[in-house]
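Shown next, in structure tokens, is the structure this report addresses.
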Amino acid sequence: NIAGVARARTSIRRTTSAPGSLAAVNGVPKRSSWNPLGLFKSSGGVKRANLGTDNKFVYDGAQGKWVLDQGKVDTTRAGLNDSPSLPMPLEPTAADRGPSFANPDATERELDQLEQHAITLAIQAAHLARQWENSRNKVMYGNTSVAGEHRRAATPNCRLMLLLSLLHCVWSLIHHGLEAAVPLWMLSPASRGGLGLEPVDSALISAFVGTLLLVLKLFTPKSLSSLPNHSPLLSLRVGIGLHLLSTLSIAAVPRLHLGPYKNESFMVWTAATMALTGIASSLILVRQATSVMLQVLVDSDLRMDLKRCLHVIAAISESGGGALFGLIFSGTLSVNMGYPMDATFLFNLSAASSLGLYTASLILHVHVVGDFGSAPEGGHGIVVRMGKAIGCLEEIFIVPAHDVNTLLSQAENIRRGVEGHPSKNM
């Protein structure tokens, strides 16, 4: 009760005074109620109030309070009798001492307990405020609030651990594998599905892609660039969808121009730059989202052997992506087959893997957040007539529609000058 603590603190300040205070000078002998670890306790002898060399108060251990020294009081009274112009010091009454002394139940021990209780509450409030400041920017669950102990401290179940590990490891393989496959695709002959570029031309396209990524990083609003930190599941689905579209468009890039120097045309260069920029953006977006979600497992109360196993699996997936995709690329070129088993096979494989990862992200969303909602009104009649399969497809279309609506609403808020709140959208 904050009001009760405030009244107790006010009563303590009014009634409790340290030795040497004004109340003690006026004849109210009180000891200090706050004496941590007994640091100011005298080693021996009679306890006296710190009132100077001429002290009229002594500490009575039996009564637990400061009392007047009768010998010095008699001496003072004798001196005052010699000087009748000075008034006689009178013993203060209970009314003069304050309302707390008028009540015999308000003892010194109770006041000490009240003050200690108030100090304990203040320390607890400071610790809770520090925990809130340390954990407010690390919450994975955007639509929940943090109170007291952080939600990450709970141990995740087996299904959540497997889903997060699978998402991170598979995407790490795709990420590092495509980093090795993209230069090989640009250098492959056009008859095998590549671009047939010279090393200098492939380096120029890579430089253009890096420049576009830098421009996007500099001019993207902060509320959208921080989407993986606030809404990792939403950024995961958006990144996987962008990756699917970009990888499928790679196969159409060499067929845009039919001239003798088709791979040196402006249209081919522009299409290749845009497609590779989309792939790179999707890789970065999804990698940040999976890293944020994997950090939940690392910061949880898992056993140390499980945490070490997660670190080993993540390291293997990051280091083995390039080697695995290199072997697959050399195998597909050696069989001398057409599309989709040509130089674009790795892009087609990553597109097919994106469908599985998107399904896993939907399962993870339902497991962590809940359902996305029901189908639109009036659509259930089709479900009844055509079976449950059509109903399942109808529900699947709700998810990308929800994601697109969320991104458009955030972009509209940014255009109007209103800061978005991506933490409320998973």
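Note: Cβ is positioned from N, Cα and C throughout, glycine not excepted.
Automatic prediction, not curation, is the source of TrEMBL annotations.
Features reported for this protein in TrEMBL:
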type	residues	note
TRANSMEM	160-182	transmembrane segment
TRANSMEM	202-220	transmembrane segment
TRANSMEM	232-254	transmembrane segment
TRANSMEM	266-286	transmembrane segment
TRANSMEM	312-333	transmembrane segment
TRANSMEM	345-364	transmembrane segment
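The stretches the transmembrane segment (232-254) and the transmembrane segment (312-333) do not meet in space: the count of Cβ pairs below 8 angstroms, excluding pairs fewer than 6 apart in sequence, stays at fewer than three. Most Cβ pairs under 8 A with the transmembrane segment (266-286) among the ranges 160-182, 202-220, 312-333, 345-364 are made by 202-220. Contact between the transmembrane segment (345-364) and the transmembrane segment (160-182) is supported: at least 3 Cβ pairs lie under 8 Å, counting only residues 6 or more apart in sequence. Counting residues 6+ beyond its ends, the transmembrane segment (202-220) has Cβ neighbours under 8 Å at 182-183, 186-187, 195, 269, 272-273, 276-277, 280-281, 284 in the same chain.
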